[in-house]
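Trainee: What follows is a structure written as structure tokens; I'll ask about it next.
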Amino acid sequence: MKGIRKSILCLVLSAGVIAPVTTSIVQSPQKCYACTVDKGSYADTFTEFTNVEEAKKWGNAQYKKYGLSKPEQEAIKFYTRDASKINGPLRANQGNENGLPADILQKVKLIDQSFSKMKMPQNIILFRGDDPAYLGPEFQDKILNKDGTINKTVFEQVKAKFLKKDRTEYGYISTSLMSAQFGGRPIVTKFKVTNGSKGGYIDPISYFPGQLEVLLPRNNSYYISDMQISPNNRQIMITAMIFK
């Protein structure tokens, strides 16, 4: 099909198994932790959209199936306006609801509830852009050279810490169906999300429509299988698998 690319993924998974800059999709999660995982083999085919209209058509078709309530829609729209108002407290509490402000807790419960209706109908590739803060205080001020290129020495240190390990995001994960949304971001993650995983296309109710946004649940873990520097030396390209 025009505008859609099929990608073959071969990586290893666990056997047991961000504050935005201008919009909710660009996140810098600082309450994520990396740890070594047990590895088992995994291989499958994933759909990647390369055409905006194809992506919109697919996404809108999915959204019509959800049947979200008005309160659920409003909670998601609130999140997309400024994700830090929800993700900030969640990350600070490492995903624990205790201690959240009452108004935020109410929205968290509504968003959580919405994921009972939103699931991926097929294996799919999603993208997220991040600022250097994604790498944590150890690297965020050192990963970029003054000219905006990636510091290769620091990048090797980053790889040693995160590559071939899993990572947990305590906030919700905002992604896009297409990588073009993040051309100016220094870090771009390519997520492999499997059929049946919780997640939904929310662009029709986003405060910033047009970003082809797909929202994934909080307390999600993912395995970082690859980290590379882009050919122009201005982006770190991460490949990761979301755990169900």
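Glycine is no exception: its Cβ is also placed from the backbone N, Cα and C atoms.
Residues annotated as signal peptide in Swiss-Prot, with experimental evidence given as evidence: 1-40. The domain 'TR mART core' annotation in Swiss-Prot covers 44-244, and the record cites sequence analysis as its basis. The annotation NAD(+) binding site is assigned in Swiss-Prot to T80, N87, R91, 128-131, 167-169, 182-185, 211-213. Annotation comment: Swiss-Prot describes R128, S174, E213 as active site. Residues annotated as site 'Transition state stabilizer' in Swiss-Prot: E213.
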Trainee: May I ask which of the recorded positions T80, R128, E169, S174, G184 is closest to E213 (active site) if we compare their C-alpha atoms?
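Mentor: Closest by Cα distance to E213 (active site) among the recorded positions T80, R128, E169, S174, G184: S174.
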Trainee: Out of T80, S174, which of the recorded positions has the smallest number of neighbouring Cβ atoms within 10 Å?
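Mentor: T80, out of the recorded positions T80, S174, has the fewest neighbouring Cβ atoms within 10 Å.
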Trainee: Let me make sure I understand the structure: which of the recorded positions listed (D131, E169, E213) has the fewest other Cβ atoms within 10 A of its Cβ?
Mentor: D131
Trainee: Cα-Cα separation of S174 (active site) and L212 (NAD(+) binding site), in Å?
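Mentor: About 10 Å separates the two Cα atoms.
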Trainee: In sequence order, which residues at least six apart in the same chain have a CB under 8 Å from the CB of L212 (NAD(+) binding site)?
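Mentor: Listed in sequence order, they are F49, V52, A55, K56, G59, S176, L177, M178, Q181, Y201, D203.
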Trainee: Mean pLDDT across the domain 'TR mART core' (44-244), rounded to an integer, is what?
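Mentor: Averaging the confidence scores along the domain 'TR mART core' (44-244) gives 97.
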